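First comes the structure, then the notes that go with it.
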Amino acid sequence: MAANMYRVGDYVYFENSSSNPYLIRRIEELNKTANGNVEAKVVCLFRRRDISGNLNTLADSNAREFEEESKQPTPSEQQKHQLKHRELFLSRQFESLPATHIRGKCNVTLLNETDVLAGYLEKEDCFFYSLVFDPVQKTLLADQGEIRVGSKYQAEIPDKLAEGESDNRIQEKLETKVWDPNNQLKDPQIDQFLVVARAVGTFARALDCSSSIRQPSLHMSAAAASRDITLFHAMDTLQKNNYDLAKAMSTLVPQGGPVLCRDEMEEWSASEAMLFEEALEKYGKDFNDIRQDFLPWKSLASVVQFYYMWKTTDRYIQQKRLKAAEADSKLKQVYIPTYTKPNPNQIMVPGSKPGMNGAAGFQKGLSCESCHTAQSPQWYAWGPPNMQCRLCASCWIYWKKYGGLKTPTQLEGAARVGSESGPRGHMTRQEVQGMSPFTRNEGRAKLLAKNRQTFILQTTKLTRIARRVCEDILQPHRAARRPYASINANAVKAECIIRLPKATKTPLKTKLVPRQSLANIVKELAISAPLKLKASRGPPTPINRNQASQPRVGQSLLGKRGFESAAGVPYPANGRPYTSGMRTTSQSVIKRQKVSQGEAPNPVVFVATKDTRALRKHLTQSEMRRAARKPHLLVRIKLPPPPPRSLAMPLLPSSTSEPIVLED
């Protein structure tokens, strides 16, 4: 009866698949659903087979360090193999599972330096953990609840000074004196000074606007002024003024006004306190996760101080009473009967003769994959179906509880030549099939593929403004040409803050460009580029310059047109219209075939004339950019009036009107 009774806090086995090992979970809550079933809210614990190979390597290095520090006896190879099955990894992940899937209890303990690892192998259903696994970040970290036992955690106590020997240590560097009990003041005088300090604190809160909003009544301000932060400030003031009450009084109220001392309870807003309570409900006293996920703008010291001050409030007492009432209403324990249904992986037919090696399609003469026995009252199918591996009854129970086999097998990579050094006994069946020699390489590549997460660097609005305001300091064109050179972002940001208030407030002039409808655009595209069928590719087009005048039939069939044939107007390759001193040669748009060096045609070089270079000088920079962006548009050049010709120097006629053609 007690063995089948499960309570909150027990470590239990859960079965989610008939062929996979049990899941090990810790029961946190037992809840009864609307239909009468019982669900268990559990904490997940992971085995080595559930984490990646890189994390297994990290766990191996941690295990070696533990063996060296704790001076463990050297285990055998089989013991090392079985100890990996007893190691678990704690996590912060919760899940809800049906209580009817519980298959038994187990014992999980935090590994201590005084423990002997071989002792876990001698006990049944006994596991240990020393690292915490994060399923989201895929990381392994040391558990914060680790018991620090050993020589390196002990304090080093110096030797006792002999009689008459002076202490040469500098006391100011060792400690700071904050209170002298042997002062000249009496206890009633100190109490009176503390009352004055509380009164000054109450008056200071009345003058402070933010404090008057948070504590609108006099009683709340007086209660806030009576907190420990005010008393600590008053006693520190006495210590700094050598316990002179007159000087201490003047220090409490300087010329600028009374001194206001506030602790974390006053600094935090109501919304921040609600966030803290929500995070405390989710993470417990894990202040690192609370700060990282809920309060990143607070320091860790501030979160810890607020927690211990929050425990002194009525809010904490109320939540404690609510939790106690909820715990009383929840289930404390549940009875789960022993699971007696047959496993679908059984391969022996009931009623067959004992000692038979197989049934249900399995070959005779096969032995257990783990212990290699040929006699067993019951056999179970294990591993890839095409390899017909099986386990005996005892090895099957070991596989279900510990997630591995007693001895390394061929599937686990111990006896296979040329395999990886790491064991494969912690892989799933699909991964083992991917490593099987009967699997194709394409399937193995899909299994071994690793997805990568992408990230995007997004600039803020202030950064985009700084690029425009501080363009002379940033020099974007120079930075684009030299991407390897570093930019002093702090100087740009500081200059932007100075220039931003002085920047012009006039809105930028924008030119509205009317956009056509989608139907008109599709209609124009259909007219300009009609859909044509793709014809079969014929023999390669000759690329000899002498045959350039022949008509190209393949151009219209491929549906591609060069710029020189757009709208029936000849254009060169750079998109500008031809002048009188330039000529063109046709260029094939069909993919050219590779030719040998001996059959390569003679190259043609266009040399710009004096008139062409003169025309380029009359183009503005914006016109040059527009011609480069839109090479299909005509370029209009406004020529200046020609200078008056001198009569004394007659203009000599040009020797030729054709461009100079250099042929190799």
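Keep in mind that glycine also has a Cβ here, set from the backbone N, Cα and C atoms.
Residues annotated as domain 'BAH' in TrEMBL: 4-144. The domain 'SANT' annotation in TrEMBL covers 263-315. Annotation comment: TrEMBL describes 637-664 as region 'Disordered'. Taken from TrEMBL, the feature compositional bias 'Low complexity' covers 646-655.
The average pLDDT computed over the domain 'BAH' (4-144) stands at 90. When DSSP labels each residue, the domain 'BAH' (4-144) comes out as 39 helix, 60 strand, 42 coil, counted as helix, strand and coil in that order. Break the domain 'SANT' (263-315) down by DSSP state and the numbers are 38 helix, 0 strand, 15 coil.
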